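Noted in TrEMBL for the protein shown:
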REGION    1-48  region 'Disordered'
COMPBIAS  23-35  compositional bias 'Polar residues'
REPEAT    93-125  repeat 'ANK'
REPEAT    130-159  repeat 'ANK'
REPEAT    193-225  repeat 'ANK'
REPEAT    226-258  repeat 'ANK'
TRANSMEM  360-378  transmembrane segment
TRANSMEM  390-408  transmembrane segment
DOMAIN    442-577  domain 'Palmitoyltransferase DHHC'
TRANSMEM  489-512  transmembrane segment
TRANSMEM  542-562  transmembrane segment
REGION    595-619  region 'Disordered'
REGION    696-715  region 'Disordered'
Amino acid sequence: MSAAPATPLYSSPPLSKMDDPTTLVSSKSEPSASAINPELASAANPTFSQGLQTVREPDSEDNIFVAAQRGDVDALRSLIESGKAKATDRDSQNITPLHWAAINAQVAACRFLLSQGAEVDALGGDLVATPLQWAARNGYLYVIHLLIAHNADPNIADAQGYNTLHLVTHSSNVMPLLYLLHQPINVDSRDSQGHTSLMWAAYQGDALSVDLLLRHGANPNTKDDAGLAPLHWAVVRGNRICIRKLVEAGADLSAKDGEGRTARDMAVELKSLGAWKRALEEGGLTEDGIKKKKPLSERNIKITIFMLPTVFLWLMFMTLTILPWFTGVILAMALFFAMHHIVTRILLDKSNYTDSVTQSPYFAGIIFASMVWVGYAWGSRLLRQTQSHAFTHLIFALTVGLCAYNFFRAISLDPGICPKPASDAELKSIVEELATEGRLNGQTFCIQCMARKPLRSKHCRVCDRCIARHDHHCPWVWNCIGVNNHRQFLLFVFTLVVGIALFDYLTFAYFATLSASIDPARISPSCILPEDLCALTASDTFLVSVACWSTLQLSWTLVLLASQLWQVARQMTTLEVSNLGRYGFMGGRGGASLGQQMGHQHHQHSPSDEGGAGGAHGHNHKHSCCGGGGFIMNLLGFDRFTKGKAADGLARAAKAPNPFDLGVLGNCKDFWTSGRELGVEYERLYDVPPEGFLEAKRRREEGEDGGGGGGRKSLRKSLLMGIGLGRSGSSRGGYEPLSQV
Ligand SMILES: [Zn+2]
Ligand SMILES: [Zn+2]
């Protein structure tokens, strides 16, 4: 990867022209050299060291450069106070102590040096760069933040022509890039070869950076000195998501480079045509960039997909009724696959199969169809034949009614969409605030939504929104399960289980009354079942098929119900349970994973094809599961037991304090009041109050009772804000910066 621009090193001669892309083919599959180990990149990690970043002078004892590099503030202080050194000293390469502190992520040392008069925009080293640029190359957010707060100029370019924005893009760190995009710097600024940051991000295959730059107004149609547009550079890396983002942002597919090649020509040349095709397909275009025609409008497709299972289930049940069992079963299965084929291949016609199916109402349609035919079988047969079970019929009718009602409520309710900032200024203040607090990371900020991320929320890639107290995205109800529809969902699952059990019971009673009048002549000679069962089946195959089908649904609903009830009692969401093994406990402050949650976590994303929305938050387990087995496991809700180290995580969860835990009773109360027991509004819950939720709630209520003076009111206000519960004008309450610096 000789020409790779992603490895800017300090002592190396100025490198990284983006060479003629055709020479880079071989480097395409190599892992990006910019993928810094997040642990190493941790700004707080003192063990970070690279040979290049150490000072070469041997007498390190009283050397201000060594002290700055180590972040030894005491040593710096004694050196400066004793007059042995000054903050403005320069070493043999014209490098200042501030440079050394900045490149080693020594925020405290940087702060001290600046207070001692270090020059913030000092130029030094082989590349004649500023400390800000040294920090930017490694994506050290908090150093960058500190230097910019001290008026460092991000527009200065080094000897290679890179300004701070280019260098942060090279670092592949999203959060520093986000922060810098809110500073006064031109997003389309060019380096000495005319490359914009967008081209670099596309070349590096950093889909998130590409997305971020485009959202901040980067032009997808600029050309560098060789005539290459960002789309050409995305093709060089062959990252499908980068290509798609650029195309969706309006990149010109017919733009030609200096040698007359379009991006597609280049894809052919570089053998990345597969990624190109898939990217365009996902963007709803043909290979040549023409908008694909769909057989129906979006809305009609959805309606068709929703209704199709009702028709097909009827066909399947009728097939089983009419035909002998051996041909009937085969034909019914064929019908099922035909339905699946029509939905996935004809109506959806997408290449990324699992995602588009989850986005469609297909599974909800299957639930609806099952309800319809269970209802029909009940009304047409059971109700009339088993009148002695009047009470059971009444309960069954009630259960089905409740089930259907909660099913549609779970589908139609907003699951708890988290608010987005209303203006750019508000967004800027959020970014600034989080950076100042030292916790601008994927846990507190959602890059896709460009909004603050409440505790316990998650960005759902299917819905493309952050959902408060996110449980999981449920394709069966065609919606996310979040704080607002979780209760309806649980009621739906509960009534479904009870309803199926009652239906089975009534079916049994029906056949019990029937058994006397069975005609032995109807028993098929090929039947493999015991004789009387066979006769029953033959007497009403439709009912038997419906009962078998609905009983089949008991398997997953029972597992789901049990795990949901357990989670409610433990005050945990499915997401939290499945992530326990990997990320410690909960979204709150409690527990052993404090450092991970609040630490200076730098965001990495994989340069590979998978590094799209799903990999956006390095900490989120991927809900996309590829391959049939995983998909089924995911649908049935078993995946949390098979994925990762869930068991290990559960063991740890038993010990880790959960700041939301109120005990079984309190947890259930909190669940059914969607947060009132804790006194929180999950859509705007950004912090765990240091005194705990209950104490905060008690104090707030006390404040209300007292109706006290100004001091009290402001205390209450700050408390309310702390837990995101501003009363008046509460819509934006949680966004007020808590501490302005
Ligand atoms: Zn989001
Ligand atoms: Zn969702």
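If you go along the chain as it appears here, the first residue is 1 and each next one adds 1.
Cβ from N, Cα, C; glycine included.
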#### Entry: Secondary structure tally of the repeat 'ANK' (93-125) (DSSP, helix then strand then coil)
16 helix, 1 strand, 16 coil
### Query
For the repeat 'ANK' (226-258), what's the model's average pLDDT?
90
### Task
Kindly report the helix/strand/coil residue split of the repeat 'ANK' (130-159) according to DSSP, in that order.
17 helix, 0 strand, 13 coil
#### Entry: Secondary structure content of the repeat 'ANK' (226-258), with strand meaning DSSP E or B
17 helix, 0 strand, 16 coil
### DSSP-assigned states of the repeat 'ANK' (193-225) in counts, ordered helix, strand, coil
17 helix, 1 strand, 15 coil
